[in-house]
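For reference, the structure discussed in these notes is given below.
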Amino acid sequence: MTSVVADSLTETKTDSQKPIATRKDGRIDLLGLSREDIRAALKSKGLDEKQAKLRTKQLWHWMYNRGAVAFDGMTDIAKTMRPWLAEHFAISRPEVVTMQISTDGTRKWLLKTDDGYDYEMVFIPDADRGTLCISSQIGCTLNCRFCNTGTMRLVRNLTVGEIVGQIMLARDSLDEWPSKPEGRLLTNVVMMGMGEPLYNFDNVRDALKLVMDGDGIALSRRRITLSTSGVVPMMARAGEEIGVNLAVSLHAVTKVVRDEIVPINKKYGIDELLAACAAYPGVNNARRITFEYVMLKDKNDSEEDAHELVRLLQYYRLPAKVNLIPFNPWPNSPYECSTPERIARFSEIVFNAGISAPVRRTRGQDIMAACGQLKSAAERQSKRDSMITLS
């Protein structure tokens, strides 16, 4: 990751525990930094400890409670101080390449990083909630065969600022500043966009802690869901250090099929994965694990598959909800969606066993924003980079 970002960022040495990245223009981007790092950055530019502590508190409030992107409107900071802050610091947002709105109201943004790579995020409005699906990586290493993102190679991890920036940008678009505890349009965040969050653990953890901070965005951990394809060694740590809701991309109940469509199963099998789910901190009947199950015609959608799913969940005594996801096609995809009748029968079998098994309503399909469809121009850039390297 650092080798990719190094072309656009340098590092500023501070008394913080870690170096702080500096932009091409020499300024330090405050978005995504912890309070400790902001204070250290201010001190590195000449402020004493007392002033740095005060300014950190003020900046935090303006960034995460009011959505400020400039210093000149920060009315509780002295006018003489504001130009100095603007000279040395920035409060960024992701660059928007395109924004599309589906006929059903779903919005998809194509975003660009400072070093020129693309990634995507999606906002899904409903009557009682608004869910933002955000990315953790540019590309992915997991190669899930039904997932469009899985056909890309991994370019790099997103930084803390790039992860948090997606939420900030969405709230800009929804006019949700200043932050308010009730009546929000953006009520939920799911880490189900591009990438495997547990393969970018530190940045995802730090970003979500910032999002949950009570003095800023203040989104409850009950409103945040982290999705994994089954990086078993990191799951317990995620529960302990992040503590948000867990979703697992299961998608099959036999080794043969899951090995094919979710190749990480060859490393961490179904039984090992479900045992890790059972041990996830805080799991109980009031806080269930969500299992994602994409419905693929004649692949994983038989009545036998449904009964085996029930058996597995009951064997591991998992408080569970199963989201049945009609497969969303993408160009040259190797699978077809199960028939509505077969999906309904699958749901019925699971539901009759006492396990919630709703069929997810497809959203944003007309703009390639539905589950499994995200795939940005980052892949094309990767191919161009490879061609340059080869030449």
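Numbering starts at 1 and runs along the chain as it is shown here.
Glycine is treated like the rest: Cβ placed from N, Cα and C.
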Recorded S-adenosyl-L-methionine site member, picked from S173, S227, S347, that accompanies G195, E196, S249, L250, H251, N328 in Swiss-Prot:
S227
Which range of 1-20, 21-40 is region 'Disordered', per Swiss-Prot:
1-20
Rounded to a whole number, what is the top Cα to Cα distance in Å among the residues the record ties to S-adenosyl-L-methionine, namely G195, E196, S227, S249, L250, H251, N328?
19
If you measure C144 ([4Fe-4S] cluster binding site) to S249 (S-adenosyl-L-methionine binding site) at Cα, how many Å is it?
10
Pop the Cα-Cα gap between C133 (disulfide bond) and N328 (S-adenosyl-L-methionine binding site) into the table, whole Å please.
16
Is it possible to get the count of other C-beta atoms within 10 angstroms of the C-beta of H251 (S-adenosyl-L-methionine binding site)?
25
